[in-house]
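K.L.:
This structure is in C-alpha cells; I'll ask about it shortly.
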Amino acid sequence: MGGIPSEQSPCALGCERQALVQVLRSYSQLVKPKIIALLLMTTAGAMWMAGNTDPFRFFITLLGGGIAAAAANVINMVYDTDIDRMMERTRHRPLPSGRIRARDALIFSGILALAAFGLLAIFTNLLAAGLAMSGILVYVGVYTHWLKRSSTQNIVIGGAAGAIPPLVGWAATTGELSWAAWVMFAIIFLWTPPHFWALAILKREDYARAGVPMLPVVAGERITAAQILLYALLMVPVSLLLVYPLGMLGSFYLSAAALLGSLLVWKAVQLLQDPCDRDRAASLFTFANLYLLLLCGAMGLDRWSLTHILWSQATASLQGIYTTLIALAS
C-alpha cells in the first residue's frame with residue numbers, strides 16, 4: 001500500500017524562509033543600495049532639469065541606471081574581497097564573510113549589466129545605455145583595478161564613474177548631451193573628493209591596514225582637509241553655472257545652491273581647523289550626502305512653475321518686512 005506523502009513541518013518551512021531571506025539580504029548588501037540611491041538622485045535631477053515629462057521613461061531610466069550601478073558595485077566587491085577581509089568596516093560583507101561565492105557574484109553582475117543595457121537601449125536610447133555601460137567600465141577598470149591600490153588620486157580620477165549617472169539621465173531624456181549635462185558631471189566630479197576623503201579620514205586606520213593609499217593614509221589629515229576645502233570651493237561656482245550663463249535654472253535653485261555650497265565650505269573650514277577631529281569629519285561626510293540630495297531636489301523644484309510663484313511671494317514678503325524694519329529704525 002502506497003505511503004501518504006509527508007508534508008514539511010512548520011519548522012522546516014520556517015528555516016527555508018529564513019535561509020531565503022538571508023540570501024536575499026546578502027545579495028542586497030552586495031549591490032550597495034544606499035550608494036545607488038544617491039547616484040539615482042543625480043540621474044533624477046538631470047532628467048528634471050532636461051524637462052522629462054514621461055513617467056515611464058523616468059522610471060525605466062532610474063531602474064536601468066540603478067541596475068547598472070549595482071553591477072559595477074558587485075564587480076568591485078569581488079575584486080576587493082582580499083582587502084575587505086582586512087578592514088573592520090568591510091570584513092562582514094557577503095564575499096569576505098563567505099556568504100556568497102565570487103563565481104556566483106560575477107554571474108549576478110553579468111546578468112545585472114545585460115539587464116541594464118537592455119532596459120535602457122530598448123526603452124530610452126543607445127546613448128543612455130552606452131553611457132551606463134561606460135560607467136561600469138570606468139568604475140571597475142579605472143578606479144577598482146588601476147588606481148585604488150596605487151594612487152592617492154584614486155577617488156579623484158575614478159570618481160568620474162560616479163559622475164556619469166546624470167549624463168545617463170540627460171541622454172535618456174533628450175537623446176544628446178548638452179553643456180548643462182556636463183556641468184552636472186562636473187558638480188558630481190568635484191563633490192566626490194570631499195565626500196570620500198571625509199570618510200577616509202574616519203577610516204584611516206582601516207585603509208592603512210589594508211594597504212590602500214587613500215590620501216589621509218599617505219599625506220595625513222591636514223593635507224587631506226586642505227584638499228577637501230579646495231574641491232568644495234571649486235564646486236560652488238560650478239554649481240551656479242546652471243543659472244548663469246546656461247540659464248537652465250532660476251532664482252530658487254540659485255539660492256539653494258549658494259546656501260548649500262556655503263554650508264559645505266564652512267564644514268570643510270571647520271575640518272581644516274582641526275583635521276584629526278573625527279566628529280568634524282563625520283559631520284562633513286554626512287552633510288556632503290545631504291548636500292547632493294538637496295541640490296538635486298532643488299533642480300527639480302526649480303523646474304516647477306508653482307515653486308517660482310511661491311518663491312516670488314516669499315521673497316517679496318521678506319523684502320517688505322526688511323523695508324518696514326529699516327523704516328522703524330530710522
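FYI, residue positions are counted from 1 along the chain as it appears here.
Cβ coordinates are placed from backbone N, Cα and C, and glycine is handled just like the others.
Below are the features I grabbed from Swiss-Prot:
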{"type": "TRANSMEM", "residues": "30-50", "note": "transmembrane segment"}
{"type": "TRANSMEM", "residues": "58-78", "note": "transmembrane segment"}
{"type": "TRANSMEM", "residues": "106-126", "note": "transmembrane segment"}
{"type": "TRANSMEM", "residues": "127-147", "note": "transmembrane segment"}
{"type": "TRANSMEM", "residues": "155-175", "note": "transmembrane segment"}
{"type": "TRANSMEM", "residues": "182-202", "note": "transmembrane segment"}
{"type": "TRANSMEM", "residues": "228-248", "note": "transmembrane segment"}
{"type": "TRANSMEM", "residues": "249-269", "note": "transmembrane segment"}
{"type": "TRANSMEM", "residues": "281-301", "note": "transmembrane segment"}
K.L.:
Does the transmembrane segment (58-78) come close to the transmembrane segment (281-301), meaning at least 3 CB pairs under 8 Å for residues 6 or more apart?
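P.N.:
These two segments do not touch.
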K.L.:
Would the transmembrane segment (127-147) count as touching the transmembrane segment (30-50), i.e. at least 3 C-beta pairs under 8 angstroms with sequence separation of 6+?
P.N.:
no
K.L.:
For the transmembrane segment (58-78), find every same-chain residue at least 6 residues outside the stretch whose CB is under 8 Å from a CB in it, and list them.
P.N.:
30-32, 35-36, 39-40, 43-44, 47, 52, 84, 93-95, 102, 105-106, 108-110, 112-113, 115-117, 119-120, 123-124, 128-129, 132-133, 135-136, 139-140, 143-144, 161, 165, 168-169, 172-173
K.L.:
Can you tell me which parts of the same chain pack against the transmembrane segment (106-126), counting only residues 6+ beyond its ends and a CB-CB cutoff under 8 A?
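P.N.:
That would be 27, 30-31, 56-57, 60-61, 63-65, 67-68, 70-72, 74-75, 78, 132-133, 136, 168, 171-172, 175.
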